[in-house]
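Student: Sharing the features that TrEMBL gives for it:
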type	residues	note
TRANSMEM	30-56	transmembrane segment
TRANSMEM	68-89	transmembrane segment
TRANSMEM	95-115	transmembrane segment
TRANSMEM	127-148	transmembrane segment
TRANSMEM	154-170	transmembrane segment
TRANSMEM	266-289	transmembrane segment
TRANSMEM	301-326	transmembrane segment
TRANSMEM	333-351	transmembrane segment
TRANSMEM	357-376	transmembrane segment
Amino acid sequence: MGAVFSALAQFALVVVVTRAFTAAEAGAFFTVTALALMAAGIAKLDAGNGLIYFIARAKTYEYRGISGYIRAALLPSVVAACAAGALLYPHLGLPAAAIPLMVAGDVLLAATRGFGAMRPTVALDGVLVPGCQLALVTAVALAGAVWWLPVAWAAPYALLPVLAATTLRGRAPRTPYLPGTGRDLWRHTAPRSVAGAIQAVFQRVDIVIVAALGGPAQAAVYTAATRFKVIGQLANQGLAQAVQARLVRALTEGERARAGELYQTATVWLVLMTWPVWLGYAALAPWLLHLLGPSYGQAAPVALVLAGTMMVATACGMVDVVLTAAGHTGASLLNLLAAIACTLTLDLALIPSYGALGAVIGWSGGVLVKNLLPLWQLHRRYGLHPFGRHTLTALRPRTWAAA
């Protein structure tokens, strides 16, 4: 439910901004927020996923030394986020100041997921922050005060780390510090830190490139037409958060059949949740885009490319999460490098001539590389597939609950 609410709130925010302000003003705002989110994604150093990995494994020996892992994950990430915020503040303003808050909140919420608690992530990251952003941005739009848009977007992040820390305090046992915990965590996480940074760039760089090569108005058109992709991303993220710790345990303990069952169960539900959305968006794109304003109707071809690409991506399931859970962080990094190289090459070649359409083609190429490469690697190394004998049984409520 948190992923659904967050996706709807983000889409509603785009509608509010595009209806209330000019395309150039909306594009400038979307570019600022994309840069802030990209910087936060880089500064996280993927510490949250590393923390989930070690907390899930620590359950087998009563969480000894777990507080050391939490501190080791949190401190470098927050320091990197503060440096990024200070560097970007002259250009982005308050959204740059929110970067350390985003990062601290993300790492602390990841720790709660490592202990098996999904509710804090759903309530805080899925409902509270996007809900407050939508309410504040709507108030700014009604006032017509475009200069307050970045403030309204950034302010809700101030609540995130405080509430996440409060929630974690009740779940994390107090354990003595064990020497070497930081070294162990970052030895595992370092390759994923680079991969996480590339992933953050991959998710947002297209908006920035469109703004740089095509202007802020084209950036607004592209952002509006592709905002629906957050539905697929959040659905994937929500399922990944729900099963990641169990995948790590299954693969660590050599239970390949169990890992395959989790992968296929998550994939079939991901397809069932998202394919109707993509088919509906492809059919209704011209009408939906006109709701954003007359200048956005031209983006219907962008929506068609987006819908087709996301259907292929969701059919692959959470391939990168499975690959990472199996310990192949280096392979995941190389896959991401190939994906972003594909995206950047196509963007630079196509955006100057085709604007938003060129950008979505570049993004599509990167997404296909990012999903098809790990799909082939999982098949070759483990014989794991997104669909198989567990696909139909996964539709039974008891099976999904047990997974």
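Even glycines carry a Cβ here, placed using N, Cα and C.
Thinking about packing and proximity, how do these listed features fit into the structure?
Tutor: Nonlocal intrachain contacts for the transmembrane segment (30-56), taken as residues 6+ away from its ends with a CB within less than 8 angstroms of a stretch CB, comprise 14, 17, 63, 66, 69-70, 73-74, 76-77, 80-81, 83-85, 88, 91-93, 95-96, 98-100, 102-103, 106-107, 109-111, 113-115, 150, 153-154, 184-186, 188-189, 192-193, 195-197, 199-201, 203-205, 207-208, 211, 216, 219-220, 223, 244-246, 248-249, 324-325.
Within its own chain, the transmembrane segment (333-351) has Cβ neighbours under 8 Å at 191-192, 194-195, 198-199, 201-202, 205-206, 209-210, 213-214, 320, 323, 357-359, 361-363, 365-367, 369-370, 373-374, 377, counting only residues six or more beyond its boundaries.
Same-chain neighbours of the transmembrane segment (357-376): 202, 206, 209-210, 214, 222, 225-226, 301-302, 305-306, 308-310, 312-313, 316, 319-320, 322-323, 331-332, 335-336, 338-340, 342-347, 349-351, 386, counting only residues six or more beyond its ends whose CB sits under 8 Å from a CB of the stretch.
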Student: Report the listed stretch (95-115, 127-148, 301-326) having the maximum count of Cβ pairs within less than 8 Å of the transmembrane segment (154-170).
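Tutor: The listed stretch sharing the most Cβ pairs with the transmembrane segment (154-170) is 95-115.
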Student: Please report, as numbers and ranges, the same-chain residues at least 6 past the borders of the transmembrane segment (127-148) whose CB is under 8 Å from any CB of it.
Tutor: 1-2, 5-6, 9-10, 12-13, 16-17, 19-21, 25, 29, 155-157, 159-160, 163
